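Summarising the annotation, Swiss-Prot assigns region 'Disordered' to 1-25. Summarising the annotation, Swiss-Prot assigns compositional bias 'Polar residues' to 1-12. As annotated by Swiss-Prot, ATP binding site applies to Gly679, Pro680, Asn681, Ala682, Ser683, Gly684, Lys685, Ser686.
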Amino acid sequence: MKYSASTSTPKSAQPKEEELENSLPTNADYSKIDVSKLSEMMQRYVEVKQQYSHALLLFRVGDFFECFFQDAVTIAQELELVQTTKHAGKEIGRVPMTGVPHHAVEKYATFLVEKGYAVVVCDQVEDSAIAKKENRQVKREITRILTPGTLTDDGMLKARYNNYLAAVVIAKNYWGLAYTDISTGEFLTTQTEGLDQLTQELMRLQPSEVLFPTKAPDIGFMLRPGERSDHLPEYLPHSFCYSLRPQQPFSLGEAKERLLMKFQLASLEGLGCERLPLGVRAAGGLLEYLEETQKENQVPLQRLRSYTLADFLILDHQSRRNLEITQTVRDGSYQGSLLSVVDKTSTAMGGRALRRWLQQPLLSLKGIRARHDTIDELIQNNDLRQDIQRVLRQIYDLERLTGRTGAGTANARDLVFLADSLTKLPELSTFVSQGNSPYLKVLQKIPPILQELGKKIHSNLVESPSQKLKEGGLIRPGINERLDEMRKLAEEDQKWIASLETTERERTGIPNLKVGYNKAFGYYISISKSKANLAPDDYTRKQTLTNEERYITEELKEREVRILTAQDDLNELEYDIFVDLRNEVGEYAEEIRNVSRAVAALDILCGLADVAIYQNYVRPTMVDSRELKIIEGRHPVVEKYLPAGFFVPNTAILGSKNLEKNNSGITPYSAPDLIILTGPNASGKSCYLRQVGLIQLMAQIGSFVPASSAVLGVSDRIFTRVGAVDDLATGQSTFMVEMNETANILNHATEKSLVLLDEIGRGTATFDGISIAWSVAEYLATEILSRTIFATHYHELNELSSILDNVANYQVTVKELPDKIVFLHQVQPGGADKSYGIEAGRLAGLPDSVIARARQVMQQIENHSKIAIGLRKGINKKEEEEIITVEQLDIFSEEFGDSLL
């Protein structure tokens, strides 16, 4: 593996030289040390470290994994461990050292990887006793390279999250992307135009690591989140880890050859990506990285599949965030998200798949209806659904167990869990045998070999095997004749040892004589100091302790050699039998994963059926039109957290006739394309917007929806502009962020899109804001023709409905009482003329004097200002121009100021 041996770091992570000199202990930088003067062990450490200068090196020394020099300083700081020093050679002296117990290395390595570091594990690959006997250093080799995107162990992964490794290739405005989760084997690639779409696709995937080819001198370095390099394009999201890679593996020729060899193909046509050169390059470069990092553990990836962004409903990052699909806007938590409400899956793989469904809703009516059909059948057959879920709860993570098995890293317990799951599949198949819907039919025929594999694993492995593969205790009796014979001989020797204590007590007359064993000294005979004078002449003293003497006899020594040798041979044979079994199971990784995907999908649909029953959801009618008709819709998350019956349902009807243009403008509509939604602050406008967006999204993942009824045309995109935040990282104000997001919507929305806008134009001066809001709404209604709900406090926009036939006014109603207002949360036809902002401030707890003064100022403003916007009814751009007149009394004039005093 070729990595830059340079110790330079990316500029954003590079401390000043004087800071390094003041903060690091003496000899913290190995590059400034004469390596020949280091001890032999330290020379080996530096040799490995120079190969992997970009990574943190954990180096096995006895019962610990230790790191030295700058790595020791880094790890001590990141893990909050005690840093000490270690002697590195007579002329070198002591160098920084930090260590972790060998049995806890996985835990500490996981912490480091989560912080964005690559970790190289260099382990002892032979018995240290052998090296000691031969008076040499124990052999150490790299056994694992851990990076954020290449983890497979359960302890390092979140069960219900995919762990994606992505690779990106960019050519001008075109880009190719490949990604995989090596723990599950999925492997996909795509290629398209538009760098903004690349950013959005990366934000959808949330990869743990992104590979980027470059000619940079810092090849091999991993940029942690927030770190940048001159060789990394600025438009790539800053929130990911980037590994800077050499360009050669990403060349088309080498990438193509690597893919063909990996999947044993003659051409790329079999993968469907022969016309995606950038996607092929990204996929080939990703494969090369896996070959380098996984060493001998070749990852059993599924065949590369290509996809296009147009296959799915597109949600940009801001829309996913605003709709709170997988996490809340406020604190990024899972609770309070849509996922927290609809995830009733029983398996980890079902949980991961549901997350993917929510990120990529379907566009295919056939695909959507197939999911609805399955949920319908599961709701109608309650016993069937409960039987399926009972079996699902007994199925482990087939995808990841299969991944570790195919990669050769699964332990015996993994195989037992895999067998437990495989032997449950026939029962699942029996339950769905009478099913009529697509997702039930697919599991009616499960390959018989999978059950046979499960039975074979159970018949070969003991019920509760050790997780340590080279210490025996794995294979059942009767599996291997030679193993049984060796065990019989070993048992006879153990019986002899067990009887030795009784025999020697009788022979010596020492009643408290004991026979013991430890790893350092082997077997021994123990006699207390007070009885040591009774030890027979054939006893040879082996060790003296405070209260006892330990002896050995020639016969015991011979038995010890035989027992230990036999045990080593036994353990080795058991390990070999286990590896053969694991390899055999690994050959069927593709078949197991195909079934696991079907199981995960059925798991999701059973859970969605449960949600539909308990939350009173209905099946939406999906149509091939622009219609959106939600009767008494409810916000799926808000209603869940309110007492039963407290949520006020609301109807939304948009675009129920296909649009037809003629020379005079737009034909009349039975339902508008654009709704101007007005109403008080805190009355529920934003909730209504999100509610409509979530119902559309839920329908397109195949879920039932919270409403009395729903008729929905398929949306190609859902855009949301809800809430206001600045972006300090890029120096953008709240208003500039709002304008950028609005521009993105206007440039990408189509007549099949659903657009949900809240408070466009509020971040600037009032009349600038009104002008922008009016123009945006008008453009959406006349040029894009998307289905839009436009929430605003600019009541002037209500005039649009009198000008454009496909615009309607709706308001969130309130009830005015003498001393307060009551929010009714009902959306009804008509435009509001008040925002009740002062009342909202009173409810929030503003001081009474502030409220009183605000009312006084508002009265004066209403008496002295006037805004009038008029448009000629009907729009014909070629013949007429819009006329907008704004008359405004300067509220900062001396006359107006005096009136407030």
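Here the Cβ of each residue, glycine as well, is placed from N, Cα and C on the backbone.
Counting every protein chain shown, the Cβ of Gly684 (ATP binding site) has 21 other Cβ atoms within 10 Å. Taking each of the binding-site residues Asn681, Ser683, Ser686 in turn and counting other Cβ atoms within 10 Å of its Cβ gives the largest count for Ser683. The sparsest Cβ neighbourhood within 10 Å, among the listed binding-site residues (Gly679, Ala682), is found at Ala682. Neighbouring residues of the recorded ATP site, listed in sequence order and excluding Gly679, Pro680, Asn681, Ala682, Ser683, Gly684, Lys685, Ser686, comprise Val812, Phe823 (Cβ within 8 Å of the Cβ centroid).
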